[in-house]
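A quick write-up on the structure given underneath.
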Amino acid sequence: MILLPIIITITMLLAMFYVIYEVERWRSTRRVLLALYVEGMMLTMNIGGYLYLISNNPFYFLIANSAYMIFGLYPLLNVKEVKMRQFVYSLFALLMVISEIAMGALIYTLETSIPANIDTSIGNIYFVSVMMVEMAFTLILSFKNIDKTLRNYLIGLLLLMPWFPQVFPLISLPIWLSAIIMIGNTILIYDSLYKQRLRASQETFTTIELTSIFTLMMIGEFLFFLYDTLIVFDISMIIGMAWFVYRALAGPNPRKGNYTRNPLLAFTIIFLTFIMEFFMGGVLDFVEGIFSPRISGFINSLTLPWQPLTNPINALWDFIDLVGSVLGSMWFLIMMGIEMGFLAFKKMLEMRVKEVRVRMSLMILAYALYTIYIPMFSPLSDRLPYIPYMWSMGIGTLGGFSNSVLLGLIGTYVVYAILSFLFGSRNLCSVSCTAPLMYQGTFYDSLKVYNRTSKVGRKLMTSRRPNWVKGITLGVSILVLIAAVISYLNSLGIISFTLFGTDITFLIYFMWFDIIWYLLFISIPFLGTFACVTTGYCYWGVFNQAISSIGLFRLKVKDPMLCVNCKTVDCAFACPVGITDMRGWFIKKGEFKSFKCVGIGECVNACPYDNIYFYDVRQWIKERFKH
């Protein structure tokens, strides 16, 4: 019984090698049709054999194969020419996948005497091994005929395909390996698009196809931990195999586009990868025990108290709870840090100004230490509320406001205020916050073009802040202040006010930075980059920007006349916050200071004359010593 499945597998491979070779080489229409006839014969034999096993009646096997051998000859005898190769490629890929599934079902039933389903048909070593060999053979044959971008995409998908959880004794192994490869593929996708950004068109639609498959895979793994079924994951792998074979033969999607010129394309790519990363982060949290499996376990693992779904308010609350709990979870942040950190590192290598490179190095290091290690792994993690500088996003970060955390919370505000006064709000908005790491990578930094081209982005340009932004800034600041007072009075027992048992300051933090921030992030094509700065919604950034506005930090120029004669105004195009009027300030005053300027420094790096430099407490001290 062991030998028969191996014989079936080898026979299937040999037949498919012939079929793949003939279809890829396409030496003549007749040879391709003959190959497709053989492929159909293999499919019919597998289906017929399976029907025989579950019915114990040879009639089905004989009738199916006899009928195909007769009627399957029709196209071979009557079709003289095939004008639509794309159709043949898609038919070939579809038949190949169905044939492999039928083979998997046949072997499973042969070994167990149990009728197969979709899960058992593809979740066995025979299906996986045949699938991998056939995909690899197809790629080898077509390797020289496809462009580099598609070739890299196919290799990335091929590396991802073997990791079926059903095949491995420990489920954590394939989950972790697929997650690592998925992170690498995401970096590959972003980097490929970034390198093509100056082209009139890019492989954007091919990218969207591949990202959709990745997203479905991660959704499938997430649902497995909730419902103990891999059906969605299985479907994603079937689609992945069919897409791989089709694209290896047909080439990339003929539809092109440029993500820096088409906001809908850019949004689609960002949204799909974000959804993929959301579910991937959730899957890793399941594997590492942050979330408990099954519906009840998952609900009990969430951050906020779960409410019965009896009304729309409760449903909205639970949705916020579910989304925010994943987006603020340990492994989501680690995964995003790896992806965005790599892209930021590549961007850093493009910077020629030493201080900008140092700032970006500190930004990457701050994410690793301040966002990941200290709150999640360090021995101090349980004591963070009592330590100054550890309330990384201000009020609400580590819970409610009470006397017990007074030193840590007030101390955080004092330390940040001093740093912002001396060095500018760049200490937060360009270094220690998670936002700059997300925005400063190669791909996402290139999206700053939407600061100029998007409808809202244009309204947020220049150093001036529109009245509606000032209104948001004031309103959010007052809201947080009132929430802090309520939280403090709650802790003293003077009042009792919570929302569904949740401290209001923590709820604001949870919604602002685990929900709203990500909405702004995926909306870059419509809002521009660094919308957390330009819209005034971030109460923690506003505090640091306010201190910075009365502090020492500013940008200065060595020679204003160079700005007068400058024809390119590269500084204005480089700014990821959308400040475009700094040149006028340089000409008029020799310096630039703005509430919106958070000292990212791309203007300094972009200046072709090396005319712009940072001014903060370091230069202030040097000036005092000169005198």
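The chain as shown is numbered from 1 upward.
The backbone N, Cα and C atoms fix where each Cβ goes, glycine too.
When TrEMBL is compared with the stretches 205-225, 562-582, the one noted as transmembrane segment is 205-225. With DSSP states grouped into helix (H, G, I), strand (E, B) and coil, the domain '4Fe-4S ferredoxin-type' (588-617) comes out at 8 helix, 6 strand, 16 coil. Same-chain residues lying 6 or more positions outside the transmembrane segment (231-250) and placing a CB less than 8 Å from one of its CB atoms are 23-24, 85-86, 89-90, 92-94, 96-97, 100-101, 118-119, 122-123, 131, 134-135, 138-139, 142, 146, 150, 153-154, 157-158, 160-161, 164-165, 206, 209-210, 213, 216-217, 219-221, 223-224. Contact count against the transmembrane segment (322-345) (Cβ pairs under 8 Å) is highest for 174-193, out of 122-143, 174-193, 205-225, 389-416, 468-488. Residues of the same chain lying 6 or more positions beyond the ends of the transmembrane segment (174-193) and with a Cβ under 8 Å from any Cβ of it are 149, 152-153, 156-157, 159-160, 163-165, 167-168, 202-204, 207, 210-211, 214, 217-218, 221, 259, 269, 273, 276-277, 280, 283-284, 287, 335, 338-339, 342-343, 346, 441-444. Proximity of distant same-chain residues to the transmembrane segment (6-21), defined by a Cβ-Cβ separation under 8 Å and at least 6 residues beyond the stretch ends, is recorded for 35-36, 38-39, 42, 46, 92, 96, 99-100, 103, 106-107, 110, 126, 129-130, 133-134, 137-138, 141. With helix defined as DSSP H, G or I and strand as E or B, the domain '4Fe-4S ferredoxin-type' (553-585) counts 15 helix, 4 strand, 14 coil.
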